[in-house]
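Quick notes on the structure that follows.
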Ligand SMILES: Nc1ncnc2c1ncn2[C@@H]1O[C@H](COP(=O)(O)OP(=O)(O)OP(=O)(O)O)[C@@H](O)[C@H]1O
């Protein structure tokens, strides 16, 4: 068993970091009733989201039904499996069944549209606790997101990861230097699974680990690209760079983006220019590969990307932190911004019966003024979240405060409605009981007609019988 699995936290108390989120999950479970909202746990990969859900089920002695994106998420499957489980009680005697829907941000593709709708319907009907898990809250469809309580998970800090890795080393009877641990935690950048995997890879066949073992044994995809970029920085020989490129599972265009990020750190301006020239040549080869569908050209693109840039670093010894292409980060932020704007326009469009595109193009500014005049009312009327409100108010702090207040009010209203409907149900029950009692009394006092007729008939038969002997006597004479 790999270490990431072997050292998966068993109980909520074993989950490292994210104390507030863990407490929120545990409080939710302890106070859970069929009317509780599902949870949506979000955060980067490998930080304990799934582990927390599974640990919760163990702590609560709940059965688990796990669905993930690889399940055939057609509407009917979800309705059959999760719908039934959600609406009925467990077959195996445990009091509850926790439904974990992983990769909930993967449901928006065309094929899964039905899946997202089915999940939203199930969330509304659910009679069992449900936890959804996603990497990106904004990848989750709006209709699902607004039915859930958000539980954001943050990356694990380096010190927490190093402490855990030290414990694992002790349990595995391996000695591991501080430099090795910090090299791993730096590469893992908050991803605990990645850190444990790297530790596992570095320790294979060893009783002591040094930083060097870590560099050459990083197992996962990202670790390989780290090796390759580190090789470029170090100005490694061509043969080594070719070997690393072959081992790295990333496609040439991805490698190019990583190396491009590092090219900007070549100190000398002339060398920097030549590094970019090598990258641009690699780009041309990549383009030709695609146009001609002639994949042999890929190898030239890779050679220009790695050796071409490494030559300009010339083993300068300077090694900045290896970072994923900043373009990705920008694209990620831009994508999120776009999604927020799109969902905001959809809500406002529905509210004012105006096409979404027109809201975005023409009315956003005007509506911003409406929102600024009475933010709380506006937020409640259009059911906005803090990010959507930020676009209108241009002030994140204010938007967050308004959103929190709106949530508080909504919760109060919900409680009030629940109380009212509980009181209404009790009154209706009482009325029903009183009606039943009156009916019983009436029945006791007024026997049914058939019963009265039967009694009269019986009485008349008795009378007839009494008269019968005297008649016989007369007949006899
Ligand atoms: N907070 C944590 N405390 C202890 N171990 C952790 C933690 N987070 C991750 N791990 C380790 O990483 C492994 C994977 O964690 P988990 O499956 O919970 O990650 P995840 O956040 O659900 O990732 P993904 O989004 O990729 O599913 C666990 O088995 C465990 O070894």
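If you go along the chain as it appears here, the first residue is 1 and each next one adds 1.
A Cβ is built for glycine as well, from the same backbone N, Cα and C atoms used for every other residue.
In TrEMBL, annotation is done automatically, which means it is predicted and not curated.
So that you can see what the record holds, here are the features copied from TrEMBL:
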type	residues	note
DOMAIN	35-157	domain 'AAA+ ATPase'
BINDING	43, 44, 45, 46, 47, 48, 49, 50	ATP binding site
COILED	413-445	coiled coil
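What TrEMBL annotates, mapped onto the structure for a quick look.
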{"residue": "43", "record": "ATP binding site", "CB count, 10 Å": "21"}
{"residue": "44", "record": "ATP binding site", "CB count, 10 Å": "17"}
{"residue": "45", "record": "ATP binding site", "CB count, 10 Å": "12"}
{"residue": "46", "record": "ATP binding site", "CB count, 10 Å": "21"}
{"residue": "47", "record": "ATP binding site", "CB count, 10 Å": "25"}
{"residue": "48", "record": "ATP binding site", "CB count, 10 Å": "23"}
{"residue": "49", "record": "ATP binding site", "CB count, 10 Å": "24"}
{"residue": "50", "record": "ATP binding site", "CB count, 10 Å": "19"}
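Sitting within 8 Å of the Cβ centre of 43, 44, 45, 46, 47, 48, 49, 50, and not among those site residues for ATP, are the Cβ atoms of 135, 153, 191, 192, 193. On the 0 to 100 pLDDT scale, the model's mean across the domain 'AAA+ ATPase' (35-157) is 76.
According to its DSSP assignment, residue 45 (ATP binding site) is coil.
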